[in-house]
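For reference, the structure is listed below as structure tokens.
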Ligand SMILES: Nc1ncnc2c1ncn2[C@@H]1O[C@H](COP(=O)(O)OP(=O)(O)O)[C@@H](O)[C@H]1O
Ligand SMILES: Nc1nc2c(ncn2[C@H]2C[C@H](O)[C@@H](COP(=O)(O)O)O2)c(=O)[nH]1
């Protein structure tokens with residue numbers, strides 16, 4: 001059983017790489033709830049009002065995906081539950097959640113992570129794959145994808161939100177020690193449109209998985 005989780009800022013390329021990995025490794029892909037997410041557009045319209053609700057929504061959906069993923073053999077998840085806290089605390093720091101909401105959320109997340117530990121013999125993912133992109137690349141990709149409510153034209157204050165989110169990922173990744181990890185340079189490798197880049201990225205990930213397998217034997 002192999003569990004891979006993707007991590008990275010908005011537009012980094014997590015979903016694209018998830019699809020490629022699932023195909024390459026012949027595993028099932030689990031995607032974050034975006035198109036069917038009723039709260040996401042509300043959050044972008046009024047973050048002050050909906051930051052807490054959105055976070056609970058995502059946490060619930062992620063928990064659901066993890067439960068389904070763990071009952072399966074091999075799988076790839078397009079965003080890790082470990083980034084939830086990063087996203088929520090950024091919003092809390094921006095004054096979009098009060099102290100009680102932060103307390104309730106932190107406690108719920110801790111509880112859920114403990115519950116995941118007890119769900120399966122597989123307690124941690126085999127590998128966390130962080131797709132790192134520069135701030136400029138992040139903006140370029142968000143624009144390329146074109147989700148209306150994520151565009152700077154829709155809300156110019158998103159510029160600062162995105163900038164801060166992207167910069168927090170570096171510290172987050174450095175400190176991450178829950179399972180083996182690898183960083184993919186999403187600026188350097190255009191793995192969506194360039195076949196050679198795609199092959200190189202998949203090779204890096206497969207080499208890391210081999211290295212981990214060697215360490216475990
Ligand atoms: N390495 C890459 N090279 C070129 N385009 C990319 C790359 N990664 C992602 N994209 C494009 O950027 C946009 C966002 O990618 P996506 O996979 O949806 O990101 P995420 O899931 O991290 O939010 C999509 O239009 C995708 O085609
Ligand atoms: N406030 C939060 N927003 C989140 C969280 N997880 C995802 N998102 C947002 C960010 C994007 O607009 C969209 C999809 O994310 P991608 O990175 O896959 O593009 O959902 C969260 O936990 N909190």
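Numbers run from 1 along the shown chain.
Cβ coordinates are placed from backbone N, Cα and C, and glycine is handled just like the others.
What TrEMBL says about a protein is an automatic prediction, not a curated fact.
In the record from TrEMBL, residues 32, 44, 55, 79, 84 bind substrate; the candidate from 140, 150, 153, 164 listed for the same site is 150. Same-chain residues at least 6 positions away in sequence with a Cβ under 8 Å from that of residue 55 (substrate binding site) are, in sequence order, 84, 87, 88, 91, 97, 105. Counted over every protein chain shown, other Cβ atoms within 10 Å are most numerous around 78 among the recorded positions 32, 78, 84, 150.
Residue pair residue 79 (substrate binding site) / residue 16 (ATP binding site) shows a Cα separation of 12 Å. Ranked by CA distance from residue 16 (ATP binding site), the recorded positions 32, 44, 78 have 78 at the top as the closest. Not a single one of the binding-site residues among 8, 12, 142 has a C-beta coming within less than 6 Å of an atom of ligand 2. Taken in sequence order, the binding-site residues 10, 79, 144 that lie near ligand 1, meaning a CB under 6 Å from one of its atoms, are 10, 144.
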